[in-house]
Amino acid sequence: MDTHAFKRSLHHSDRYNRRGFGRAEEVAGSLEQAYQSSLIGSIRDNGYRLNHGRLQVRLAKDFGFCWGVERAVAMAYETRKHYPSERLWITNEIIHNPSVNDHLREMNVQFIPVEQGVKDFSGVTSGDVVILPAFGATVQEMQLLNERGCHIVDTTCPWVSKVWNTVEKHKKQTFTSIIHGKVKHEETLATSSFAGTYLVVLDLEEAQIVADYILGNGDRDSFMARFSKACSPGFDPDQDLEKLGVANQTTMLKRETEEIGRLFERTMLSKFGPTQLNEHFLAFNTICDATQERQDAMFSLVDEPLDLMVVIGGYNSSNTTHLQEIAINRGIRSFHIDTPERISADNSIEHKPLGQELIRELEFLPSGTVTVGITSGASTPDRVVEHVIQRLISLSEEN
């Protein structure tokens with residue numbers, strides 16, 4: 001399928017919208033009430049610091065809603081305003097934040113049901129309005145909705161679209177796309193649908209396995225056993241690793257993505273030499289500015305003397321998980337929560353350690369003067385961060 005031609009055709013359809021409906025002022029009040037916070041604004045103005053009795057709060061200097069998320073949420077609100085009575089669907093969570101998605105449900109936005117890991121579009125009919133979320137949708141889903149006669153509102157983040165353009169460039173030049181991402185993440189699923197031949201690597205360890213295989217140090221059966229669910233149909237590691245381009249899920253750790261890019265550049269240089277490098281490796285620049293800024297701010301925050309860290313965001317939010325990873329790697333006692341209600345008045349906290357299920361921990365806030373670092377993922381509203389801080393203040397006063 002010529003995905004580039006399909007996108008171009010879709011963008012010219014009168015049933016497709018990716019620019020909103022000119023109703024920004026009409027929804028501004030609702031967005032402000034639901035998501036913004038005067039407390040967070042004052043903390044920003046005070047050098048990202050709040051001192052309250054024995055509690056000292058240190059906010060990361062970049063956190064929370066990025067402009068791509070703000071755009072997607074605003075477009076969803078505009079869509080409901082523009083189509084007040086039409087049946088309105090969204091193909092997935094608009095962003096990875098439970099409170100935002102709950103607000104959409106309250107606006108009678110229906111989420112495409114998922115049965116055994118497969119989306120069920122059987123209830124979607126001609127004339128329905130369907131929102132594509134911030135991290136996009138697969139080209140097959142777009143094609144299905146277009147053929148069904150739906151009105152499509154595309155809130156895909158432009159940074160994600162940039163990655164799609166990158167893998168389409170790889171495909172056009174018959175390069176295999178090495179995608180740094182999580183195989184089942186919605187963004188990576190969408191990106192791979194626009195690619196030709198592709199292989200998804202989770203981290204530097206998996207990238208090293210691929211690099212070793214390219215240089216002749218690997219077993220084909222073992223390789224395919226590991227990557228069989230992370231590659232394009234018919235992928236052949238003996239043929240499809242000769243020409244590589246690198247792309248990434250925009251919410252992955254920036255430093256790791258850069259290391260993976262350098263690893264494959266060195267690998268292809270070693271195999272093919274400097275004169276042929278450009279024929280076998282395509283450099284890339286698909287790292288999202290907002291993701292980079294939040295990670296950089298987190299690295300700065302963990303340099304401060306902190307007693308503990310609270311990271312706020314959806315448990316399925318990749319960028320939030322990576323912020324938690326930064327704190328853990330620095331040896332800081334850190335808690336990933338998705339809602340303020342995870343912090344209880346009895347000084348316990350329900351949180352999700354890296355790679356584990358939810359656990360409850362007692363004696364969350366220590367006695368005496370305590371310095372708490374706080375950050376939040378790109379899908380977390382300031383209002384949610386405010387409510388977390390209010391709970392911390394209450395705990396510091398009562399315990």
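Placement of Cβ uses the backbone N, Cα and C atoms for every residue, glycine included.
Summarising the environment of GLU187 (active site, proton donor), the number of other Cβ atoms within 10 Å of its Cβ, over all protein chains shown, is 27. Residues or ranges marked as active site, proton donor in Swiss-Prot: GLU187.
According to Swiss-Prot, the feature [4Fe-4S] cluster binding site maps to CYS66, CYS157, CYS288, an assignment based on sequence analysis. There are 24 other Cβ atoms within 10 Å of the Cβ belonging to CYS288 ([4Fe-4S] cluster binding site).
For the recorded site, ASN319 (isopentenyl diphosphate binding site), the DSSP three-state label reads helix. The isopentenyl diphosphate binding site annotation in Swiss-Prot covers HIS96, HIS185, SER317, SER318, ASN319, SER379.
Annotation source Swiss-Prot lists dimethylallyl diphosphate binding site at HIS96, HIS185, SER317, SER318, ASN319, SER379. Residue density at SER317 (isopentenyl diphosphate binding site): 26 other Cβ atoms are found within 10 A of its Cβ, drawing on all protein chains shown.
Sequence annotations record features per position, and here Swiss-Prot assigns (2E)-4-hydroxy-3-methylbut-2-enyl diphosphate binding site to HIS96, HIS185, THR250, SER317, SER318, ASN319, SER379. Under the DSSP three-state reduction, THR250 ((2E)-4-hydroxy-3-methylbut-2-enyl diphosphate binding site) is assigned to coil, being neither helix nor strand.
Distance noted between the C-alpha atoms of SER318 (isopentenyl diphosphate binding site) and CYS288 ([4Fe-4S] cluster binding site) is 13 Å.
Considering only the recorded positions CYS157, GLU187, THR250, CYS288, HIS96 (isopentenyl diphosphate binding site) has GLU187 as its nearest partner by CA-CA distance. Sequence-distant neighbours of CYS66 ([4Fe-4S] cluster binding site): residues of the same chain at least 6 apart with a C-beta under 8 Å from its C-beta are CYS288, ALA290, THR291, ARG294, ALA378. Separation of the C-alpha atoms of GLU187 (active site, proton donor) and CYS157 ([4Fe-4S] cluster binding site): 10 Å, rounded to the nearest whole number. Within the set of binding-site residues (SER318, SER379), the lowest number of other Cβ atoms found within 10 Å of a Cβ is recorded at SER318. According to its DSSP assignment, GLU187 (active site, proton donor) is helical.
In this structure, the C-alpha atom of THR250 ((2E)-4-hydroxy-3-methylbut-2-enyl diphosphate binding site) lies 8 angstrom from that of ASN319 (isopentenyl diphosphate binding site).
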